[in-house]
Amino acid sequence: MERRNHSSLAEFVFLGFPKVGHVRGWLFALLLLAYLFTFCGNLLTFLAIRLNAALHTPMYHFVSILSLLELWYTATTIPNMLANLLREKKTISFAGCLLQTYFFHSLGASECYLLTAMAYDRYLAICRPLHYPAVMTPTLCGKLAAGCWTCGFLCPISEVILVSQLPFCGYNEIQHIFCDFPPLLSLACKDTSTNVLVDFAINAVIILITFLFIMVSYGRIISAVLKIKTAEGRKKAFSTCASHLTVVLVFFGSIIFMYVRLKKSYSLTLDRTLAVVYSVLTPLVNPIIYSLRNKELIKAIKRTICQKSGRAHH
């Protein structure tokens, strides 16, 4: 590793996926396929819901916003990871690294809030069905979505400002697959305990409180579903929540282990594995989870594809 003598660094070097060697091409192809599937799946889901009036309901409104969010979320990291697999020198500027970190965390925080809003929507639909149409109006849906994006983009500002003021005079090699707070803090040549504490506090508030709210909502949903007398009725009621709950468990399960901790890092291998889960796999499986369990959405996606192909022929 090259030692720097100056007080700041103009750029960082990614270690990325070390020791991939001869499987680099296969890893690139696999990641590219995953990204293309994620992009096409989420884009089709978004367009299918927006273009079909029958799906203009609160539940599908939130699903379409989630798909749009996933498009931006994956665009902040995966294209750069693909480029780094092809380049010998995997560099990123200091400003570029901070921007990638900011957008990655702001979009991740927005997803936490959005999944919470979706849990609230399902709670109202199942536990308060008579009040649901009057409460969950299009106006409230719009306000909730706007609030999720706004709060998400405000959350990481203080963390980014604190990191930008740190001196980076040591090694410039980021031992991760993209820019993030833990690997950046490990490179600073100054005590970063304040940064670690601030990161922990903000992440704990965002992740744990939203996850707790979702779990409480589902506790009440399950209680209400179990009171339904017929098995068919219980199955139908819970089927509307199963997709959302699956996405919640996959997404929150990985980010809780990664960000709600007072250490800079546990294991580089563990950090990289968790990063792949919440930055690549979760956005990849979201359209699969929602479409495979939803016949209406599958029909809407098929109609959208047919309409697009029909216009292309004309």
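For all residues, glycine too, the Cβ spot is worked out from N, Cα and C.
All TrEMBL annotations are machine predictions without curation.
Remember, predicted model here, so these are calculated numbers, not experimental data.
Note on the transmembrane segment (26-47): residues 17, 20, 63-64, 67-68, 70-71, 74, 78-79, 81-82, 85-86, 280-281, 283-284, 286-288, 290-291, 297, 301, 304-305 of its chain, located 6 or more positions outside it, place their CB under 8 angstroms from a CB of the stretch. Under the heading transmembrane segment, TrEMBL lists 26-47 (among others).
Across the domain 'G-protein coupled receptors family 1 profile' (41-290), the model assigns an average pLDDT of 88. For 41-290, the entry in TrEMBL reads domain 'G-protein coupled receptors family 1 profile'.
Taken from TrEMBL, the feature transmembrane segment applies to 59-75 (among others).
The transmembrane segment annotation in TrEMBL covers 200-221 (among others).
TrEMBL lists 242-262 (among others) with the feature transmembrane segment.
If you look up TrEMBL, you'll see 274-292 (among others) marked as transmembrane segment. Residues 31, 34-35, 37-38, 41-42, 44-45, 63, 66-67, 70, 73-74, 77-78, 104, 108, 176-178, 180, 243, 246-247, 250-251, 254-255, 257-258, 298, 301 of the same chain lie 6 or more positions beyond the ends of the transmembrane segment (274-292) yet place their CB under 8 Å from a CB of it.
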Beyond the flanks of the transmembrane segment (59-75) by 6 or more, those residues with Cβ under 8 Å of it: 35, 38-39, 42-43, 45-46, 49-50, 103-104, 107-108, 110-111, 114-115, 117-118, 121-122, 125, 138, 141, 144-145, 148, 240, 279-280, 283, 286-287, 290, 297
